[in-house]
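Noted in TrEMBL for the protein shown:
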- 196-297: domain 'Rubisco LSMT substrate-binding' (DOMAIN)
Amino acid sequence: MEREKGVASRYRPFVDSLYERTPANSTVVSKKARERLAEHHAEKVMRRYDEDIVRGWNAAVRTFRTFPTIFRAQDFTRSKFEEALAIVRANSFEVTRADGVRERVLVPLAHLLVHDTSSSVPCVKMVDDTFVINVDEHRAGDELSCSHGEYSDAETFARFGTSAVYSEENNARDVITFTFPDEVHLKEEIGSCGPAEDIGFTRDGASAELMCALRLVSANATEWSEMRKPNFDLQSLKNRPLSEESEVAVYDALFATLTDLLNSYPYSDVDDEHLLRGDRLADDERRAVKIRLREKRSALRALNTVQYRGRKALGGVLFDKHFSHIMPTRVKDEL
């Protein structure tokens, strides 16, 4: 996809360098070689690889059909997909999540290369056998950018390509799920709070399941001793805090998550609305922007509700003491 976009793609230089470093034909396994793998562990690995190809291609086809202008089917063939998947496999590493699901991680080469921030145009070049990439000016901690545009195909795919819901209307559950990092060693206890798909944010703020999970991971040693008693009902944490100290930590996590999410969008609501008022978007591009805007609005409504409930639960004085630097006044939902 990024290779087809040419110089307009901010990721094209990185993708090209992957292909240059790992020629596709170097990853091909011949039929004869496969036969020799029979009854060996490597045969299972190859079978998993084949299954990944089938699953990935089926998901890609669904995406092409949903966004035909962004992802033109004639640009993406099964052979190209298999080639790209082979490149990713050759330049990535596999991790297994706490729930047993395997994921393959491709570290963006942009973070491994020397950067030149003096240019505002996408550019990659070799200087003394070193890749140098020109990127836009940025502040420390900002995501590096190598191109300009009102929307990005890669961004759209990254946010919505693996979603089961492609609609500008609210989905059936209208929830932004919250995933705990793998280093949280309370997966079984968190499971007592409710199904993973219910742990998240809705327009009504943090779900009861999310509040329960956050209260679990925010508990101090004394509170944990209490919760380990046989008669303690973990589900009661959906509706009641453990202590003032722990509840402050819970709301700190809620605000940090929602503000990070809202700040992660590369375009403002005004930008998206401007795009939607114009006539430059194809139908599927318009749908993608609406999906993004809907998610953003859901997050903003959730933030407003969390702020209201936090002030009510902790009291105005305590709430302002801990969170006035984040939100000195109530967030106004103008959407």
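Yeah, the Cβs are placed from backbone N, Cα and C, and that goes for glycine too.
Residue counts for the domain 'Rubisco LSMT substrate-binding' (196-297) by DSSP state, with H, G and I taken as helix and E and B as strand, are 69 helix, 5 strand, 28 coil. For the domain 'Rubisco LSMT substrate-binding' (196-297), the model's average pLDDT works out to 84.
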